[in-house]
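A.B. asks: Here's a structure for you.
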């Protein structure tokens with residue numbers, strides 16, 4: 001992938017950009033083999049990759065510069081701003097949004113936040129696009145509610161220019177730290193969720209719910225999990241760390257009893273909306289801590305699917321799963337190192353299948369899906 005920002009030395013986020021996609025896949029596969037060394041694997045499935053550019057459905061832009069000439073991108077450690085509007089990871093549909101937002105910021109009087117001076121209001125712009133219908137969600141991350149009236153007054157102009165903006169919010173993040181968002185979300189549109197669809201499964205994206213940033217590869221990840229579960233004798237399943245329900249909604253059947261657990265209420269609201277659309281009455285989602293939920297249960301499902309954050313599921317949940325002993329575990333991980341550690345805490349399970357998904361091209365990161373079967 002060619003990138004003028006990288007060539008000019010202005011951005012180094014894509015550290016592997018000089019390598020071909022095949023070289024990147026080989027290096028990631030070797031890393032996964034190294035991390036799982038000593039753990040017998042019955043089947044290594046071929047890695048899955050997608051487009052090498054224009055694949056991201058989300059932009060997280062630091063806003064700097066002045067209200068008349070804002071910059072969208074990032075700040076180097078020395079505070080130097082870099083405009084990333086031309087980043088080739090973003091789809092072409094983002095460019096007109098960025099170019100329209102720059103004069104809008106002046107029109108609304110949203111002074112960019114100055115980190116050194118601790119002054120200004122607009123900290124970040126968070127833009128998400130649906131691959132289903134091209135609808136977009138835009139979040140203005142503000143230091144306070146001071147400019148909220150001005151923002152509301154200017155919105156009709158913005159929505160006339162960019163009708164694809166279906167969901168618009170103001171997120172209030174008052175802390176002088178590099179934190180992307182605060183707890184308070186103020187909706188500026190009637191619509192509060194963005195419609196998405198993977199493999200004919202309806203999904204919803206709300207402002208504070210996690211959603212994969214590479215929809216092409218994510219849709220194949222969910223489809224693969226569905227295929228694996230479909231080959232197993234599963235009538236009762238848990239989906240832990242379920243997010244908006246992508247895995248559970250793909251794997252569920254009308255006959256299956258499935259419980260999805262996620263600590264973020266916004267994500268659970270999305271999952272419940274999707275389940276209602278699909279008419280799956282035996283599928284239940286709850287906003288709880290996944291580990292606490294599992295430990296409190298007195299029943300054992302046939303399969304437990306876990307999709308934890310980078311820290312992994314941790315030893316307490318591993319110990320409980322080992323004690324509870326479901327017949328199958330599917331582990332989806334964005335950090336193979338912690339996944340490998342967790343699997344080693346499950347001595348009574350054997351790895352039946354492993355598949356790498358190149359969710360993050362041009363970086364060392366990848367997603368991995370692993371099927372574990374109880375051996376005793």
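Glycine too: its Cβ is placed from the backbone N, Cα and C atoms.
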A.B. asks: Which of 45, 85, 87 does Swiss-Prot put in the same [4Fe-4S] cluster site as 3, 11, 14?
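C.D. replies: Of 45, 85, 87, 87 joins 3, 11, 14 in the [4Fe-4S] cluster site that Swiss-Prot records.
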A.B. asks: If I restrict to non-local contacts, at least six residues apart, and a C-beta distance under 8 angstroms, what lies near residue 212 (S-adenosyl-L-methionine binding site) in its own chain?
C.D. replies: 218, 221, 246, 359
A.B. asks: Between C-alpha atoms, which of these recorded positions comes nearest to residue 87 ([4Fe-4S] cluster binding site): 241, 262, 307, 334?
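C.D. replies: That would be 334, nearest by Cα distance.
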A.B. asks: Which chain neighbours of the [4Fe-4S] cluster site, leaving out 3, 11, 14, 87, have a Cβ atom within 8 Å of the mean position of the site's Cβ atoms?
C.D. replies: 5, 6, 13, 17, 84, 88, 89, 362
A.B. asks: Restricting to the chain of residue 307 (S-adenosyl-L-methionine binding site) and a gap of 6 or more, list residues whose Cβ falls under 8 Å of its Cβ, or answer none.
C.D. replies: 239, 240, 241, 242, 243, 247, 332, 333
A.B. asks: Using Cβ atoms only, which residues of the same chain lie under 8 Å from residue 3 ([4Fe-4S] cluster binding site) while being at least 6 residues apart in sequence?
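C.D. replies: Those within reach of residue 3 ([4Fe-4S] cluster binding site), by Cβ under 8 Å and sequence separation of 6 or more, are 11, 14, 17, 87, 88.
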A.B. asks: Just name the winner among 11, 14, 87 (the binding-site residues) by count of other CB atoms within 10 A of its CB.
C.D. replies: 87
